[in-house]
């Protein structure tokens, strides 16, 4: 028996990340090879022609799972009955723009989108915010949607997670698929803390294999934290395909389960590990049956606590910077 199509809303559909994302969703990479999808694409009025061009290409791929496409500049049309919403579109930082101005510009976008989701999306919609600053944008959307469950709103830390996995694989000479229990705490920003103290390869401790605190502090964490900037420097454009891939991974595992593997998601805190309530924070989680669960009982040593405090401080400052816009 064929499954009913799932409705997937994507904002910023004409952008670089959107272009890397849509074909993979339509191919079944995100929701499964037996799950038809209807894509509901949102972008600004001036981007509608570009979105139509992308849709022409989607049609030309003749994806068996693509059951329909909606193109719109109205959030209420894009989010109507959405089962999954990928909030990719955000205001990028322009030259000379203060961080405060960036936060405020995005707060306006994500307040509108949060309210629209609240009004028209499926009550079980799974929302992933990709557009930066992702954690705070997710917090704003969540706060603007009081009738949806808090846990429906998440921020993308999976790119940091995947970047960290790749660096550890390179350092240990082991395949990336063999690394388990590596995760990231905090904000999707250079302050994130990638933590491999519990990580294993084939049951052996990664920390013991590497055994190099200087590498951890001076090479590993800065490389992962500043990878986005390094890609812009090299490519002249921001990381789009790897961000799209991380979004696919995040939603795939959330919907279909991570099979016991620990992954990283930015989720609203309930006070776990001393993080204040409602802060949208990167946590180690496992996922099953469409739900995520924070990994409990991890010991936080003094070094890790210091790193967690730094990223938390940044998130609290961002939150304070938009609080007056949330009414």
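Including glycine, each Cβ sits where the backbone N, Cα and C put it.
Listed in Swiss-Prot for this protein:
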type: BINDING; residues: 12, 13, 14, 15, 16, 17, 18, 106, 113, 130, 131, 132; note: NAD(+) binding site
type: BINDING; residues: 93, 99, 132, 163; note: substrate binding site
type: ACT_SITE; residues: 188; note: active site, proton acceptor
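A map of Swiss-Prot features onto the structure.
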residue	record	contacts (Cβ under 8 Å, 6+ apart)
12	NAD(+) binding site	18, 42, 43, 87, 88, 89, 90, 131
14	NAD(+) binding site	43, 47, 50, 51, 54
16	NAD(+) binding site	237, 238, 240
93	substrate binding site	99, 102
113	NAD(+) binding site	11, 75, 79, 87, 141, 144
132	substrate binding site	90, 92, 106, 188
163	substrate binding site	194, 223, 224, 227, 242
Surrounding CB atoms that lie within 10 Å of the CB of residue 99 (substrate binding site), all protein chains: 12
